[in-house]
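**Q** Okay, here's the structure, questions in a sec.
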Amino acid sequence: MKIPFVEPVICLSVFAVTLNSPLTTQYVYRRIWEETGNYSIALESNTSECAKNKSSPIFAFQEEVQKKVSLFNLEMDISGLIPGLVSTFVFLSHSDHGGRKFPLILSSVGALANSAWLCLLSYFALPIQLLIASTFIGALFGNYTTFLGASFAYIVDQCKEKKQRTIRIAIIDFLFGVVSGLTGLSSGYFIRGLGFVWSFLIVTVALFVNLIYILLFLEDSMKESSSQNISVSWTETFKNLFHRTYMLFKNASGEQQSLCCLLLFTMITYFFVTIGVSPIFVLYELDSPLCWDEVLIGYGSALGSVTFFSSFLGIWLFSYCMEDIHMAFIGTFTTMVGMAMTAFARTTLMMFLVRLPFLFTVMPLSVLRSMISKVVHSTEQGTMFACLAFLETLGGITAVSTFNGIYSATVAWCKGFVFLLSAVLLLIPAISLCVIKYVSRNTGSYVLLIQEESSEDTSDR
């Protein structure tokens, strides 16, 4: 019996990714720490080997470890950049004809293989440089962006009514927040109670169950497209996609082109900063003067997941009293404040308190997606969001690589520099929002949507 629900797939995937991310970072940190010198880290805590006194010999040693870890993360991110970008573009564009299960299966196989390799790597204490090769090979099968893109496309295929689609997507956001929050909260206890090998094995089992569900139980959302699979080649698929993208901007008026490009630029720059700096939090928390252990890192990860709930509540409440662009301003400004506060956080209490300004971090992304959907025709929504997914994949991988490189170069003389830089860079989307406000006020807000609705009313008459 086939099941037409992709929600269990997303829940298992979010659990695996949320648990695997801090596991991998802390495992690499411990391995590089032990390989760089004669110091070792007890599994129960890392605070015994984290020096807060700058005159201590361990202090200079841990600065070197921080630099090596961030450089290693940079190498891993770069190794998966090109194959991840190409595979995401190829698999998602092909799914319009080949079905949504195709990218879901491939990306799940890649994630499963990578997780199984981490189990072997940690069990046999193999050289961690092999992680770079496994990241490259795994990216050939797609990445997490590929998986999520196919999952949301699966939901869109099923939901013909806009209201039903909104409810399903809202449920996904809710599940994403719940699963990632609970997993982040428990990740430290997984490491402390089970160790790295068993923790990686749990991730592998979750991904294996996920793959079995997709292969045997998940119903394909595009049954009618099976007859088109032979007649439509990959070359034609690429040509059609590029042609639709070209026509999307060619057919728009000058004002619409300007507004659309500004919205895309604003969203990608904001996405670049927030995604790029997010992996640095774990390294920052492991280093002095915080010297967090795995449990505290899990608490911090769980608090970071609260932003999914708070941003959703913020949009729901603010939508009654302000425009979309004002909500984007609030989210950008509060995130900017949070970045600046993080740069000067020197105690555990302060590091927990800096999570408060990040409560609306996701809000600008959701609002900007909504604004983008309002400036293009209903028949061009798919093409626009395909472009957006491509830019997010490119920007996300590039951002993580860039910020890891910056942190590696600056950790010795200013640990919080990368967060101060992030706060400054957020001025770019803030200024861009001001320009959007000015342009939309002069040309009329969401001109195309109004014209489209009026033309539909005229045709109905």
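The backbone N, Cα and C atoms fix where each Cβ goes, and this holds for glycine too.
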**Q** According to Swiss-Prot, one residue among N46, N251 carries the annotation N-linked glycosylation site; which one is it?
**A** N46
**Q** Looking at N-linked glycosylation site as annotated by Swiss-Prot, pick the matching residue from N53, N229.
**A** N53
**Q** Checking Swiss-Prot: are S373 and V411 on the same side of the membrane?
**A** no
**Q** Of the stretches 102-124, 262-282, 295-315, 348-368, which racks up the most C-beta pairs under 8 Å with the transmembrane segment (383-403)?
**A** 262-282
**Q** Using a Cβ cut-off under 8 Å, which residues of the same chain at least 6 positions beyond either end of the transmembrane segment (71-91) come close to it?
**A** 25, 28, 32, 102-103, 106-107, 128, 131-133, 135-136, 138-143, 145-146, 149-150, 234, 279, 389-390, 393-394, 397-398, 400-401, 404-405, 408
**Q** Grab the pLDDT values for the topological domain 'Cytoplasmic' (316-324) and give me their mean, rounded.
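**A** 87, rounded to a whole number.
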**Q** May I ask whether the transmembrane segment (348-368) has at least three C-beta pairs under 8 Å with the transmembrane segment (196-216), counting pairs 6 or more apart in sequence?
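**A** Contact absent: fewer than 3 Cβ pairs fall under 8 Å.
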**Q** Could you tell me how many residues in the topological domain 'Extracellular' (283-294) are helical, how many are strand and how many are coil under DSSP?
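**A** Within the topological domain 'Extracellular' (283-294) the tally stands at 5 helix, 0 strand, 7 coil.
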**Q** Under DSSP, the topological domain 'Extracellular' (404-415) has how many residues in helix, strand and coil?
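**A** Split by secondary structure, the topological domain 'Extracellular' (404-415) comes out as 7 helix, 0 strand, 5 coil.
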